Protein chains: 2
Amino acid sequence: MSNASTGITFPAGFSASGITAGLKTSGKSDLALVRNNGPRFDAAAVFTSNRVAAAPVHWSRQVLSDGRADAVVLNSGGANACTGAEGFANTHATAEHVAKVLGISSGDVLVCSTGLIGEQLPMDKILPGVEAAASALDDGSEFDGGAAAATAIMTTDTVNKQAAFSGTGYGIGAMAKGAGMLAPGLATMLVVITTDAVLEPSQLDTALRQATNVSFDRADSDGCMSTNDTVILMSSGASGVIPEVAEFSAGLAEVCVNLAKALISDAEGAAHEITIRTFNAATEDEAVEVSRSVARSNLFKTAIFGQDPNWGRVLSAVGTTQAAFEAEELNVTINGIQVCRNGGVGEDRNLVDLTGRNVLVEIDLNAGSQEASLWTNDLTHDYVHENSAYSS
Amino acid sequence: MSNASTGITFPAGFSASGITAGLKTSGKSDLALVRNNGPRFDAAAVFTSNRVAAAPVHWSRQVLSDGRADAVVLNSGGANACTGAEGFANTHATAEHVAKVLGISSGDVLVCSTGLIGEQLPMDKILPGVEAAASALDDGSEFDGGAAAATAIMTTDTVNKQAAFSGTGYGIGAMAKGAGMLAPGLATMLVVITTDAVLEPSQLDTALRQATNVSFDRADSDGCMSTNDTVILMSSGASGVIPEVAEFSAGLAEVCVNLAKALISDAEGAAHEITIRTFNAATEDEAVEVSRSVARSNLFKTAIFGQDPNWGRVLSAVGTTQAAFEAEELNVTINGIQVCRNGGVGEDRNLVDLTGRNVLVEIDLNAGSQEASLWTNDLTHDYVHENSAYSS
C-alpha cells in the first residue's frame with residue numbers, strides 16, 4: 001500500500017486521475033483514468049445483463065476476453081448507449097487514444113460511460129480530456145488521484161464512493177458511482193476495484209462474481225436495470241503476495257458490500273434506507289427472491305416513506321413469490337416490533353418507530369434455515385421529482 | 001334485459017343493492033349484495049394468484065367448486081386478509097347470514113372484501129348490513145340496484161365502474177372496483193359480471209379466463225398484486241337463449257376491457273393513462289412480457305409524469321426481457337413520433353406532445369407478427385402521497 005488513499009490507489013501499482021473534459025454542463029469533473037502500472041495486468045469484470053447494452057459494455061467485454069487490462073477510462077456526462085455504429089466507433093476511438101497516450105495496446109483499455117442514453121459523446125472534448133487525464137495520473141504519492149477519479153465519475157451522486165481493505169501484505173481499493181436506476185443483475189453502477197495481490201484472471205473472476213452476488217446484486221433501489229453496469233477488478237501484483245483465497249474473497253466482498261450500501265444510502269430522493277432480511281428460508285435464493293419482491297413493491301416503499309409500518313403490503317409482496325412458506329406461518333418484524341405473527345396481527349403497529357433513516361424489515365418464512373438481506377430505499381416525492389424533472 | 005341499468009342488473013334474472021353498514025368512517029355505502037334469481041345458477045370465477053390470499057378468497061374458491069352461485073356479498077372498508085381463523089369464521093358467518101336471509105344455501109354464497117389488510121371486520125355491523133342489503137335488492141325495475149352495488153364496493157375509486165353488452169337475445173352486465181394496487185395475475189380488483197344467457201359452468205369458466213387474459217391481466221398500474229382479487233361471472237339463464245360462443249366471448253371480453261381501462265383511468269394519483277403496445281413480436285406472450293416490463297419501470301413512469309419522452313428508459317426496460325429481438329432493430333414511437341429508430345436516435349424527441357392525458361407507446365420488436373397492449377399509468381407525486389399518507 002503506497003499511500004494514504006482510501007480508494008483505487010490504495011493498493012500499490014495503480015495511478016488514477018479525474019479531470020474536467022467539459023462533458024457536464026455543470027463544469028464539474030467528468031473524465032477519469034485508471035492505470036495499472038504492473039508488473040501484472042490481470043483483470044476480470046461483470047457487466048449488465050441488459051440486452052440493450054451500451055457501446056462501452058460491448059467494447060470492454062471484448063477487451064476482457066483475454067483476462068488482461070492495463071487501463072480504464074470512464075466518463076460521466078453521457079452513457080453512449082443506443083448510439084449505434086457511431087457510438088461504438090467513439091468508444092473504440094477513445095480506447096485508441098488512451099492507448100496512444102499511455103503507450104499501451106488499445107485492446108487492453110477498458111471503457112465505461114454513464115449519463116443520458118441516446119446521445120453521441122462529444123469526441124472533440126473526450127480526446128483532449130484523455131490527454132489531460134493521462135498527464136494528471138497520480139499513484140497517491142503526490143495527491144489523491146483515486147479520489148479525483150471517484151469524483152469524476154459521479155452523476156447525480158451527492159458524494160463520491162470509495163472503499164479499501166488491508167489484507168496480509170496486500171490491499172484492495174475501490175470506487176463506485178450510482179444513484180438511482182439501481183437494480184440487480186447488477187445495481188446500475190460503475191465500479192473499479194484494484195488490488196496489488198497476485199492472482200490469476202480466473203481467480204479474480206471467481207472472487208468477483210462471488211462478491212457481486214452478495215453485494216451489488218442485493219442493492220435494489222428502484223428495480224430498473226441500466227444499460228451500462230460494469231464492475232471491474234484489476235490486479236497489479238505489485239505486492240508480490242499470493243493471498244490466501246478465503247481472506248481475499250472476504251476482503252473483496254467487504255469492499256463490495258460497503259460500496260453497495262453507500263450506493264443505496266445516496267440513492268436519488270431516498271428518505272429511508274431499508275434492509276429487508278428474510279430468514280428461516282428453505283434456500284438462500286428463495287430468501288433473496290422474497291426480499292427482492294418486497295424491495296420492489298411500490299406500495300411498501302411509499303408506506304415506509306409515510307412512516308406507516310404497513311405489514312399487509314409486506315405480506316402481499318411475499319405472496320407473489322414461489323418461495324416455500326405457509327401464509328399462516330409468516331412473521332414480520334419492523335424495527336424490532338413483530339407486527340405480524342403467524343400470518344395475522346401481531347404487536348401493535350403503533351409501537352414501530354419509523355422516524356429514523358434506517359429501517360430493518362425481517363421476514364420469517366418458517367421454512368428452513370437460510371437467509372439473505374437486500375438493501376433498498378423508500379419511494380418518495382423527491383424520487384418522483386428527480387426522475388421526472390431531469391433526463392437520465 | 002329488464003331495464004335501463006348499465007351494470008349487473010342489465011341482464012334479466014339479477015337483483016342488486018348497495019347500502020351503508022357503517023364499515024367506512026366516511027359514512028358512504030360499503031356493503032353490496034347481488035342475487036341471481038335464476039332459473040339457472042351457473043357461475044365461474046378467477047381469483048388472485050397471491051399466495052397470501054384473503055379469507056373471502058379461500059371461501060369463494062370453495063363455493064365455486066361445484067360451478068354454482070346464488071348470491072354474492074361484497075364489502076368495502078376491510079379486506080379481511082391476514083386475519084387468521086377468526087377472519088375465515090367471519091367470512092363464513094357472513095355467508096351463512098346471507099343464506100338465511102335469502103333462503104338459500106350458504107354453500108352457494110360468494111363473499112368478497114376490500115380495504116385495509118390485517119384488521120377484523122366489525123361483524124356487529126356486517127350482519128345487520130346484510131339484512132338491510134337484502135331488503136334493498138332491486139332488479140332495476142324500481143331503481144338502479146346495480147349502480148348502488150357498484151358504488152358500495154368503491155374504496156379510493158373516484159367513480160363507480162359499470163359496463164354492459166347486448167348480445168343476440170341476451171345481455172352481459174358488470175361492475176368493478178379498484179384504484180391502485182392494480183397488477184396482473186389479475187389487477188387488484190373486485191369484479192362481478194352477470195348474464196342471462198344459458199351457459200354451462202365450464203363454458204363460463206373458459207370464456208372468463210379468455211376475457212381476463214386480454215383485459216384485467218393487461219392492466220398494470222403499479223405492479224403490486226392484491227390478496228383479494230376476484231372476478232366472478234354468473235349466469236341466470238333468464239333469457240332462455242343459448243348464445244353463439246364467439247359472440248358471447250367477444251362481448252365478455254369487450255366488457256372486461258372496458259372495465260380494465262376504467263380501472264387504469266381511475267388509478268390512484270395518475271396524471272397520464274399509458275397504453276404500451278408491443279408489435280412485430282415473435283409471440284403474443286413475448287409482446288405482453290415486453291409491454292409489462294416497460295409498464296413496471298419506475299424510471300419510465302416518472303419520465304412520462306414529467307412529460308419527458310425518454311425512450312432510453314423504454315429500451316432499458318425492453319432489454320431486461322427474454323423476448324426475441326435485436327437491440328439494433330428496435331423502434332419506439334411515442335404519441336406518433338418515432339423517437340427511436342434501429343436502436344438509436346430517431347425523430348426529434350421535442351416533437352412529442354405529452355401534455356394530454358393519453359399516451360401511446362409503440363414498441364416494434366422486428367421479430368415476428370404478434371402484438372399485445374398493456375395499460376398503465378404514470379408515477380406521480382399524487383401516487384406517492386396517496387399511498388404514503390393512507391393505509392390500505
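Cβ coordinates come from backbone N, Cα and C, glycine included.
Quick look at what TrEMBL lists:
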- B:Thr188: active site, nucleophile (ACT_SITE)
- B:Thr155, B:Lys177, B:Thr188, B:Glu268, B:Asn387, B:Ser392: substrate binding site (BINDING)
Fewest Cβ neighbours within 10 Å, where candidates are the binding-site residues B:Thr155, B:Asn387: B:Thr155
Cβ under 8 Å to chain A, applied to binding-site residues B:Thr155, B:Lys177, B:Glu268, B:Asn387: B:Asn387
Cβ contacts of B:Lys177 (substrate binding site) (under 8 Å, same chain, 6 or more positions away): B:Ser76, B:Thr114, B:Ala150, B:Ile153, B:Met154, B:Thr155, B:Asp157, B:Asn160, B:Lys161, B:Met189, B:Leu190, B:Val191
Coarse DSSP state, helix versus strand versus coil, of B:Asn387 (substrate binding site): helix
Mapped DSSP class for B:Glu268 (substrate binding site), helix or strand or coil: coil
